[in-house]
């Protein structure tokens, strides 16, 4: 079995570090596996990792400690660095190289006055470089020190000079330091804006640090957003990989090429944005006509990378822009295969893809469907989602391993859910379950996946048998399906049975005439002439049977070899050819038949009739009894093997004690005689009182008595009791075995009609056979309706109909019990609430004291308040339900009480409405009276004031 890819769908993808993105870059580049559960960033391509590593390096172009260490290692560097930091240049000689080193130090440590002093008075070289080719202008721009950069440029510093590694110029340094002033200063001094564009220009460095203003200035002054070489990193790649949406927008507004590819992986900007879940960047790229299904070197689309990294936001965006959800990449995998990476987010991606129409049964080049991968990784939620969307659980890999096999071993919790789906496939109409008009509809579409229509209709049942879940065949849906299938192929089986019956009868007649008929020695033994004709007919029929076996073997040798009936058929065919030979076909002298042919004929005639019994046992009406016989025979053989040593012991002992007796003269005959004596055929008188005297009387009597007690009494009864101890269980087991054999028989017959060996046969004949064998020719018609209470409905046997009826009745009773329990809970809560509302509210203890105006909080009042505010309990539910009749009466009484309560509530509501209306009228009258009183008081006040003023004037 193919366990090579267990829990591995992308074994060449890289991990993302859980730590800060600025740390452990080497580890980020080296680890290869699937993203873990704890990692939420997804998986990255090689190109994305390359961009990430370069961005970490360019965030701090040159570390200050590293620069200081480089300057100190120069000749006299430590002394010069100390002088620059102290600002004293008295010991600096004009003809010494120290002045150039001091100029570099001044550009590093940011001293404008000292820089100008060195350039004017010491004639320092503005283009001097350290051991790594870095000039003072490099350091000034890297430190974003525009004044020093201006001074250096005024004294002739070269703005386009490279460092020793040909990696950066002063413009690169200014862009990396986010210095707009330095960039403008350099551009005004004729700095080449596209210098280094073959690898990485200043625009790349500005994007590395997300310097939006610098990017805008560079683009405004003519920076090229594209690169002249193919498969090189463009600024758009850099911005998309980092998720800098504003930079992406600026680049796109300046005609950046959205189709350009980068690196050996040939990834586009949309690939980089999709695999890192930068939704805004992806949206901008798609709005500017980026190809939604563009492919990289591995034939992956952005949707594949988004699913691999579990970028659900980007997945939804790409689907909304028409991404092909069924596009395949390496090894024939689809986006649905790629989405099964980690369980925490796989379900969201899978749901989005399935909603967009992803093919849930699409297999990769190894035969693995998404259901296989989900089951292997033990993602039960994804497994159930796939099954809900029509995934074929019978789909097999190239190693012939079904998805159901993975489900049973890796996600066994799906099996009960599968049983629930089988239950839900049997539905009844709205009629009462005991009504004659009650109809039950059985939907077989779950048993016949859409992808298996070209392989027959019993593939699921065979898969259940294969993985050890054959008890599911006893489900009413499966049992009904098997019965209907049997009814469809019954005609083919009857033809086969008739053919075998004819063959057995002719062969039996031939054996009787050739091998059984007794002739006197002095007479010539001659058979009738038609016996030779029968012999030739037997040979022809036998060759046809062997041809059928050859066809079945060519159809599938592995499946053919595992059925013992096929080996029995080859044994019979070979034996018949040995029995019906030219010597036996001649009827003039039957005494010339060799003795060995009599032995062969005796064995073959037994096997022929045994095979006919097994064929008859395939009928449902006889199958249980034949299976019970087979089961008991197998059990009896096991027990006989367990006690074979005891029988051998007694056989040898009898051979020693009774060697004169004919049955015990030979050890072989002695053993066979011991087995015969188990059935009770002891022959005590013949052995002890016959013609032969017992040589060892005492020992012989003891051994014989021991045999009678241990074997005839104990062992025989024990074996019979163990073999048939549980008749009811034996019937159930036999019924299950019958269903298994019936399913295998139907499947084998169907497989012959769909065999590739019949492609050259007439098409009309094959289609006729298929229509005769298949239950329905259309998937939408895989439904069957019965009326269990209608005596005229005889479509199904009574036992199957009863099982279907029980399942529907139990489910309906269970639902009614749940509804009844919910009603009782709601009614109890409502009745208690109503009682609390009708209970008078005790507010005496809330009245304030006459003197203090505060509430008197006594222990009695507090207890009473607690009782009033205590929440109503909803747990007073009866533990045991009443009988059905009592429950119905109680529900009617409760409904009457509820109606009365609702009427009282309506009356109270009407009274409250009247009270509210009266209160509103009272408040309006009170308001008018209050306004009138206020006006009168104002008028009286004015009148009093006028009277008082006139009185004062008169008094004066």
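Heads up, the Cβ atoms here are built off N, Cα and C, so glycines get one too.
Confidence in the repeat 'ANK 2' (166-195), given as mean pLDDT, stands at 91. Here Swiss-Prot flags 166-195 as repeat 'ANK 2'.
Helix, strand and coil counts from DSSP across the repeat 'ANK 5' (265-294) read 16 helix, 1 strand, 13 coil. The repeat 'ANK 5' annotation in Swiss-Prot covers 265-294.
The repeat 'ANK 7' annotation in Swiss-Prot covers 331-362.
According to Swiss-Prot, the transmembrane segment annotation covers 492-512 (among others), on the basis of sequence analysis.
Per Swiss-Prot, the feature transmembrane segment maps to 526-546 (among others); the stated evidence is sequence analysis.
Summarising the annotation, Swiss-Prot assigns transmembrane segment to 566-584 (among others) and lists sequence analysis as the type of evidence. Within the same chain, residues 507, 510-511, 514-515, 535, 538-539, 542, 545-546, 549, 552-553, 560, 590, 592-594, 597, 600-601, 603-604, 607-608, 610-611 sit at least 6 positions outside the transmembrane segment (566-584) and bring their C-beta atoms closer than 8 Å to a C-beta of that stretch.
Residues annotated as transmembrane segment in Swiss-Prot: 602-622 (among others). With a cut-off of 8 Å between Cβ atoms, the residues of this chain six or more beyond the transmembrane segment (602-622) that come close are 483, 486, 493, 496-497, 500-501, 503-504, 507-508, 511, 515, 565, 568-569, 571-572, 575-576, 578-579, 630, 738, 741-742, 745, 797.
Within the same chain, residues 665-667, 670-675, 678, 687, 692, 694-696, 699-700, 703, 706-707, 710-711, 715, 718-719, 722-723 sit at least 6 positions outside the transmembrane segment (639-659) and bring their C-beta atoms closer than 8 Å to a C-beta of that stretch. According to Swiss-Prot, the feature transmembrane segment maps to 639-659 (among others), an assignment based on sequence analysis.
The annotation transmembrane segment is assigned in Swiss-Prot to 702-722 (among others). Packing against the transmembrane segment (702-722) from elsewhere in the chain are residues 635-636, 639-640, 643, 646-647, 650, 653-654, 657, 674, 677-680, 682, 684, 687-688: each is 6 or more residues past its ends and has a CB under 8 Å from a CB in it.
Taken through DSSP, the repeat 'ANK 2' (166-195) splits into 16 helix, 0 strand, 14 coil. Remote same-chain partners of the transmembrane segment (492-512), defined as residues 6 or more beyond its termini with a Cβ less than 8 Å from a stretch Cβ, comprise 531, 534-535, 537-538, 541-542, 545, 576, 579-580, 601, 604-605, 608-609, 611-612, 615-616, 618, 745, 749, 772-773.
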